[in-house]
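Working notes for the structure below.
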Amino acid sequence: MMASERNQSSTPTFILLGFSEYPEIQVPLFLVFLFVYTVTVVGNLGMIIIIRLNSKLHTIMCFFLSHLSLTDFCFSTVVTPKLLENLVVEYRTISFSGCIMQFCFACIFGVTETFMLAAMAYDRFVAVCKPLLYTTIMSQKLCALLVAGSYTWGIVCSLILTYFLLDLSFCESTFINNFICDHSVIVSASYSDPYISQRLCFIIAIFNEVSSLIIILTSYMLIFTTIMKMRSASGRQKTFSTCASHLTAITIFHGTILFLYCVPNPKTSSLIVTVASVFYTVAIPMLNPLIYSLRNKDINNMFEKLVVTKLIYH
């Protein structure tokens, strides 16, 4: 009998410890996370709606941005509601199937965002370094392929890692020292040998980070070279400002994900990993629409119009 069959027959249950060691701050944390999740939902769905409604925003960059917002919304929705529930209930349990599903979908959207940001970096490279060929290179077909490829690779990575998690064995009741069903804490809760699953996760994480960062760093090295060749200071500043939002987003995202998923032994610093997980899963999906909208006048103007219209008719 395979381990996955034993798991299904014994129906293991995971107990998410999360912030159970700090009961005095659970209510404040609930309110904070509820506010953050509300901002995340409104910000990302609002971004998608605004881009669809405003014809001025039917650009290639906004096409990628709308999919980035969709990815952030889906990722946050997979994780945050369960986190909020566990802050107010006495028994912080999640079924084995529920835990695996949470990891599976979180992995899909996490990997998708990694390569979506890389595709956006390539878009900025073409816009700055090859402006006359921009519409030719960044064709509708190529943009669709870049987005579809990001989603597809996210699904492939998730299915591989999920398959090997299903091959592990767990006790009927297992404690997980985190607030989400992350790969590292799931394998640490298994009593079977997780070596293959751990190595695969490490290899996939390294491959995803290195390959996406190569695209991003190469793109921005060429962008900076082009900017420095410009004679006009105002031209350099204007060109750089078009990349500032994306630079901020990738710095926050990749800095956090490198720390979380490229550390061979996260057990040695579980508290730090938990804090970083909170930032990665809760804060980043909220920050992305704020980062991009603050520097885009068309998005700001459209948002103001929607708010004014809402206030007038309600």
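Glycine too: its Cβ is placed from the backbone N, Cα and C atoms.
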Open item on the list: Quick check on ILE272 and GLN26: does Swiss-Prot annotate them with the same topological domain, i.e. the same side of the membrane?
Closed with: yes
- [ ] Report, as numbers and ranges, which residues of the same chain sit near the transmembrane segment (240-260): CB under 8 Å and 6 or more residues beyond its ends.
- [x] 110, 113-114, 117, 120-121, 124, 127-128, 205, 209, 212-213, 216, 220, 223, 227, 266, 273, 276-277, 279-280, 284, 287-288, 291-292, 294-296
Open item on the list: Just to be sure I understand, if DSSP states are collapsed into helix, strand and coil, how many residues of the topological domain 'Cytoplasmic' (123-141) fall in each?
Closed with: 16 helix, 0 strand, 3 coil
TODO: Please give the sequence-distant neighbours of the topological domain 'Cytoplasmic' (123-141): residues at least 6 beyond its ends with Cβ less than 8 Å from one of its Cβ atoms.
DONE: 60-61, 64, 218-220, 222-223, 226-227, 239, 242-243, 246
